[in-house]
Amino acid sequence: MLEGICEVVDVNELEEEGTILPEIEETGTTFSENATLKATGISKVVAGLVLADDSGLEVDGLGGEPGVWSSSYGGEEGNHVKNNARLERELPAVPEEKRTGRFRCVMVLARDGKALAEFAGAVEGRLIDKPAGEEGFGYDPYFIPEGYEKTFAELGAEVKNGMSHRGRALAQVVSWLAEKDLEKG
């Protein structure tokens, strides 16, 4: 999506080339704060623009949780099995009408340690308490996007990526970059 607008370099490529990147702790209490911490922190040591994101699942009937703790909701960072197990334990206590929620993504563009712009995308939907579908990852088997009767895990990557929270935020980044002359700093 960024091709033709700017050069995209993955963090892993930078590390392979010997760039030492700081460990950024996600200590924020919002997606915006965490994305800003990552983007500004990395942009202090990397020349050019840095785009970072933070994202997760917000369930209305759980007070917005897992939210910024989506990747460690089950107690262990990045353990989808434990995260999903906790969600499965908690959802049955939530009335059907409160099982609404969204996947939310916030992206921050930074340069030289300063945030330049922030972009947000979300996909509204509802949650089910038992997984359905084999594709995707994380909370996909529990989330049915608005306008559909199947979970992200049942719909598959092509459909999900066409409406994803990250895709929506990234489309805003692309639009913003296309109208800016960033060579002037």
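Even glycines carry a Cβ here, placed using N, Cα and C.
All TrEMBL annotations are machine predictions without curation.
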Of S55, S72, S175, the one that TrEMBL places in the same substrate site as F137, G138, Y139, D140, K160, H165, R166 is S55
Since the record lists K160, H165, R166 as binding-site residues, which of them has the fewest other Cβ atoms within 10 Å of its Cβ? R166
I want the residues beyond S55, F137, G138, Y139, D140, K160, H165, R166 whose C-beta is within 8 angstroms of the mean position of the substrate site's C-beta atoms, in chain order. L57, F103, G136, F143, F152, S164
Those binding-site residues listed as F137, Y139, and which of them has the most Cβ atoms within 10 Å of its own Cβ: Y139
Would you count the other C-beta atoms found within 10 angstroms of the C-beta of D54 (Mg(2+) binding site) for me? 24
Determine, to the nearest whole angstrom, how far the Cα atom of E25 (Mg(2+) binding site) is from the Cα atom of S55 (substrate binding site). 15
A correct count of other C-beta atoms within 10 Å of the C-beta of S55 (substrate binding site) gives 23
